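Student: Attaching a single structure in structure tokens format; questions to follow.
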Amino acid sequence: MTTTVPTRPDTLPEQSSRRRPVVPGRVLPVVSTFVLFVLLFGVGSVRYEGFTSGQVFANLFIDNAFLIVLAVGMTFVILTGGIDLSVGAVVALSTMVAAATLRAGLPAPVVILLVLAVGTGLGVVMGLVIHHFELQPFIVTLAGMFLARGLCFVIGVESISIKDPFFRALATGTIDLPGGVTITWSVVIALVIVAVAAWVLHRTRFGRTIYAIGGSESSATLMGLPVARVKVMAYAISGLCASIAGLLFSVYMLSGYGLHAVGMELDAIASVVIGGTLLSGGVGYVLGSLLGVLVLGVIQTLISFQGTLSSWWTKIAIGTLLLLFIVMQRLFTRRNA
Amino acid sequence: MTDTSSTTVAPAGRPGVSGDPVVAMQAITMEFPGVRALEDVDFRLFPGEVHALMGENGAGKSTLIKVLTGVYTATAGTTELRGERIAFSGPAEAQASGVSTVYQEVNLCPNLSVAENILLGREPRRLGSIDMGATRSRAAELLRRMGLDIDPGSILAEHPIAIQQLVAIARAVAVDAQVLILDEPTSSLDQDEVAELFRIMRHLRDEGVAILFVSHFLEQVYEIADRMTVLRNGRLVGEHLTRDLTRLQLVSAMIGRELGVLEEVERLAADAADAAEVTGGGDRAPLLEATGLGRRGSIAPFDLRIAAGEVVGLAGLLGSGRTELARLLFGADRADSGEVRVDGRVVSLRTPRSAIASGIAFCSEDRKGEGILADLSIRDNLVLAMQAARGWARPIPRRTKDELVEKWMTALDIRPKNPDALVGKLSGGNQQKVLLARWLVTRPRLLILDEPTRGIDIGAKAQIQKLVAELAAEGMAVVYISAELEEVARLAHRVVVLKDRAKVAELDGSASVDEIMALIATADGDVRTEQVAS
């Protein structure tokens, strides 16, 4: 029995000589989100008169400043491989605390510090519980969500309007940009936060540790990185961002209400995922999350320009996109595996 | 690249290491509730030596390493580093003091760049910002020093495991480690990669780094180690110069009993092979016959015949397609060409379920991931496959279950002999036996064993090989995959040689390790495919 088995020529790729492609694979999702955004904006420009204006573009930021901030915090958590479901409720709680304490006569700076402390504190507690009891972030932050939402109604069941001059000034104050475009201070705050977050994630050891934990938590531990501290900090940052978003939202609505921002945590998660961050952690960019929010915003704008469609179509569009992006990510990671 | 075959003798004088030890552990005792893992163990490590820590599983090697790196705090005894008493709080502190560990599994972050993986946590900074340029050039310099030609900016996951392992070592020496602990770094590397690793180890040793090396591969230990410390059952057996200790002496020191078992394996295997030849293993109607079976990107189409009572060994380097071939036979991956006949009838092996129905069983090389259920008891793990074969509607009576479990635990010498013990708590060798027993209770006709002896101690290795020989003698067909060519050559009636994801040759049972090795090293599908009919 003599069998001659054909062998393929030796085609083992030379490891060292492999060059990286022009667009590195991991930036691809962000690039595709950007392309998607440009496409959607282009569709609007072609179909609707007055869509192609600087102000329409600026309004995307004005109307979604709080969501941008929320998505930034969410990016930190998702990069570690976790999730934070509490942020929407923390936004509501922040508006409620702000409105109630302002009504009670506390000065605006004190109110702001108090709100930030409440949000960050809640984040720290959830982070500690998640890390030290090795619990699922999903469940712990779900508990945090119920807690925060419930606390809103302990403070008051009615909507409380905000009459504080500082908050009102922030709400009405605008900054004129060249070309007759105006933006609000909220936009400036949100963009500064995006810039700071990008710097922290890419240029500090803390930021790189966030990525390392998302890549492999046990490896990060064995590499001697401060995993516990960084993980808790990620939830603290998410809490801080949620309370900042809450302040921006109270400026936007000029009221505090327990039913504000219902489901907003899901918008934030959707933005982060559409922005190309892997839910399993370790891969993603804050800039992607910003683009994700803008995509959501432009869909909303398109539907309002269309005029006859119900705003619920936004949800349907987001749902479809989300599914599309997750499938795309799966194909992408499978190819790389 | 260094050639593995030209075993370099440690430079004269080196083993006689002069000066003071960099690590001196004295009278270390480590107790866990109910177990004394280490008892009165002394250990010394000198600068500029490769020191092998030898012992069976459960001998206390890992415990000793963990005491040294501060994962555990010793119950009694002292540890000195460069003459100072120390007790690290954990790996991070040990690392900061120049004691770095590289583990069997690559503990790096696949999503980050090579440079970041090397320097994570100690990147050069400028004004509070990580200096990416400096990080990259420092990593590049380190890689160059180790003679590794890889792009520090590339993502770690793009590289094969072997390169990742070397990057882990680069990380370990990046801190100017004086003590480098390598815990089974070679278990997933092929020969060239091991040679590369050894080249780097020698390089570091010559720079004065003290290397503590743990490996189950005796040949590797003899090639690289200058000295060795042997542990058995948590006690120190002795510290020797490698050149003063023969392999036989080492093995008997490690297992502490005569080498009867290994000899018996040799004899049984030889007997079984003879028996098979008498009955004419190759001429008999094959139990399983695969023709043109293949899967794109996995393994090139191949032919394979296995008769009852025959052990077919699969030899080849890591990644040569050994596991891929096995997975096709078991239906774990779907073939996209060819057909399989069992007893002459064409069967469709599209899922493991259909393969099991045809009497095929498969023990995965990934014991933890695809084999045992760590959180279930030995009993539950044992009856799992049988229960699956019976269907969920027909539970196995408790008595039958107990009898079966009792029978197989005795037959395979599974320890502890407590059916309620959780499998996750057993040693690697015993986990492997549980896995084997799980399939054996279903009385398979063809048993596929993928690396059944990897990472387990010599005693268990011998027992498993003996069992394979016995099973074959009783008429079971076995496909035996192992990276250790000696095992394949010893057990198999026929050896299928694989290279670069294709079958390149088939040898009969008399093939020696050298022959197989020569084929693996040179078979290019041309002149060297001269075959020996079985």
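Each Cβ is built from the backbone N, Cα and C atoms, and glycine gets one as well.
Unlike curated entries, TrEMBL annotations are predicted automatically.
When I checked TrEMBL for this same protein, it listed these features:
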TRANSMEM  A:27-44  transmembrane segment
TRANSMEM  A:56-78  transmembrane segment
TRANSMEM  A:85-104  transmembrane segment
TRANSMEM  A:110-131  transmembrane segment
TRANSMEM  A:138-162  transmembrane segment
TRANSMEM  A:182-201  transmembrane segment
TRANSMEM  A:232-253  transmembrane segment
TRANSMEM  A:312-332  transmembrane segment
Student: Quick test of the contact rule: Cβ under 8 Å, at least six residues beyond the ends. What residues does that give for the transmembrane segment (A:56-78)?
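Tutor: Non-local partners: 41, 44, 50, 84, 87-88, 91, 137, 177, 181-184, 186-187, 189-191, 193-194, 197, 201, 210, 234-235, 237-242, 244-246, 248-249, 252, 264-265, 267-269, 271-273, 275, 277-279, 281, 284-286, 288-290, 292-294, 296-298, 300-301.
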Student: Top stretch among A:110-131, A:138-162, A:182-201, A:232-253, A:312-332 for CB pairs under 8 A with the transmembrane segment (A:85-104)?
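Tutor: Checked against A:110-131, A:138-162, A:182-201, A:232-253, A:312-332; highest Cβ contact count belongs to A:138-162.
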Student: Looking at A:27-44, A:110-131, A:138-162, A:232-253, which one has the highest count of Cβ pairs under 8 angstroms to the transmembrane segment (A:182-201)?
Tutor: A:232-253
Student: Could you give the residue numbers and ranges of same-chain residues that sit at least 6 residues beyond the transmembrane segment (A:232-253) on either side and whose C-beta is under 8 angstroms from one of its C-beta atoms?
Tutor: 65-67, 69-70, 72-74, 76-77, 79-80, 82, 84, 86-87, 90-95, 98-99, 112, 115-116, 118-124, 126-128, 130-131, 137, 141, 162, 167, 170-171, 186, 189-190, 193, 206, 210, 260-261
